[in-house]
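A quick write-up on the structure given underneath.
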Amino acid sequence: MSVQEYLDKHMLSRKIEDAVNAAVRAKTPDPVLFISNHMKKAVSSVITKVKARQILDSRGISTVEVDLFTNKGMFRASVPSGDSSGMYESVELRDGDKGIYLGNAVTKAVKNINEKISEALVGMDPTVQPQIDQAMIDVDKTEKKSELGANAILAVSIAACRAGAAEKEVPLYKHITDIYGKANSTLPVPAFTIICGGKHSGNNLPVQDILILPTGARRFEEALQMGSETYHHLKVVLLNSIFIKEGLDIVREAIGRTGYNDKIKIGIGAAATEFCIDYPIASIEDPFDKEDWEHSKRFCGLGLCQVVGDDLLMSNPKRIERAIQESACNSLLLKISQIGTVSEAVEVVKMAKEARWGVVVSHRFGETNDSFIADLAVAVGAGQIKAGAPCRGERLAKYNQLLRIEQELGDHAVYAGEDWRS
């Protein structure tokens, strides 16, 4: 195609003339800059290139990072991963060569992005998120995204979402709200991990973690302060021989020292009923094995607290549907890397909300500095976000992004607070 044919096809001659006339009317001191900006708005954005690379996550394990290019800029995303993959979640594609990164390299996923996914998406409008995600699913052709890799697909999905927001000239969370289809922007209550136990920790705590939820704060900024202060009161107390009751006592004492007793609730990763009686526990994740549906139903039926499905659900739509029908839990722990695309993540949130469940948008054990889940939590009105303790860069990236969003919303900012489950 010749230059003239390209100009004619896209009616650029007319658009350039309009930009020059607009610059004259505006009496701009920098007509070149004005015309350049005017043309960017006049010409619709399309995806021009997708380039991936292998980087390291917070554990020093390989993960995928993507740069997605449009004619208006470059948009980057990187994906987290768990310490293990469940049989019901989408498949992370890893190389498996034990001689390179102990088998955890992701060069196959990177190659799939640079070749197959890029070819499928170049020329697409970045604002049409469902179509972009579906195009990748169609290329993959497997139920659990095992051909291209969920890590490859999700990285591109998030990068495209950022490009779509830029094309519409709106913040990322507002673009996701449009995808969600409901105006429900709410700053979530942060569920801070204060004590880690189980296989992640190396101590004797028989639960995965103990968390605090500052539901009594008036704003997210105040909630972050409460979490940080409580966390620092704990840092010299923990011992390797810690047991569950000792851990809960320590957390309760730390909360008491901050003066926030009536404003902070406690959550734990797994527990028995007695702890809900002795302590102000408001949330429990996976009280039983992921296949123990019967006991999960009975426990949830007691109505003691929020019962969050993590391993029970694995963000899998079929398991979520079953849990809704059987009342096996009453809250979804959403890990977007388990499902694989932005569009599908939004859809399972809708399922949970329609069932009047709570929603907790969660990080993974292997994280990056990508803050996407902060915008996601606000956009879908999740009510809760679990991004770890208020320390370390990959965790604070999420919490600090929420501070920015709250500041941007100003008087329109709504903190979930006591309505954290709704």
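Every residue, even glycine, has its Cβ placed from backbone N, Cα and C.
Keep in mind that what you see is a predicted model, and the values were worked out from it rather than measured.
Here GLU229 (active site, proton donor) comes close to THR258, TYR260: these same-chain residues lie at least six apart in sequence, with C-beta atoms under 8 angstroms from its C-beta. TrEMBL lists GLU229 with the feature active site, proton donor.
In sequence order, GLY82, GLU89, MET314, SER315, SER362, HIS363, ARG364 are the residues near LYS335 (active site, proton acceptor), counting only same-chain partners six or more apart with C-beta under 8 A. Feature annotation from TrEMBL assigns active site, proton acceptor to LYS335.
According to TrEMBL, the Mg(2+) binding site annotation covers GLU285, ASP310. Neighbours of ASP310 (Mg(2+) binding site), defined as other CB atoms within 10 A of its CB across all chains, total 24.
Sorting the domain 'Enolase N-terminal' (47-176) by DSSP state (H, G, I as helix; E, B as strand; all else coil) yields 54 helix, 26 strand, 50 coil. If you look up TrEMBL, you'll see 47-176 marked as domain 'Enolase N-terminal'.
Within the model, the domain 'Enolase C-terminal TIM barrel' (184-422) shows a mean pLDDT value of 90, rounded to a whole number. Summarising the annotation, TrEMBL assigns domain 'Enolase C-terminal TIM barrel' to 184-422.
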Under 8 Å between C-beta atoms and at least six apart in sequence, can you list the same-chain neighbours of GLU285 (Mg(2+) binding site), or say none if there are none? GLN208, GLY267, ILE268, GLY269, ALA270, VAL308, GLY309, ASP310, LEU333
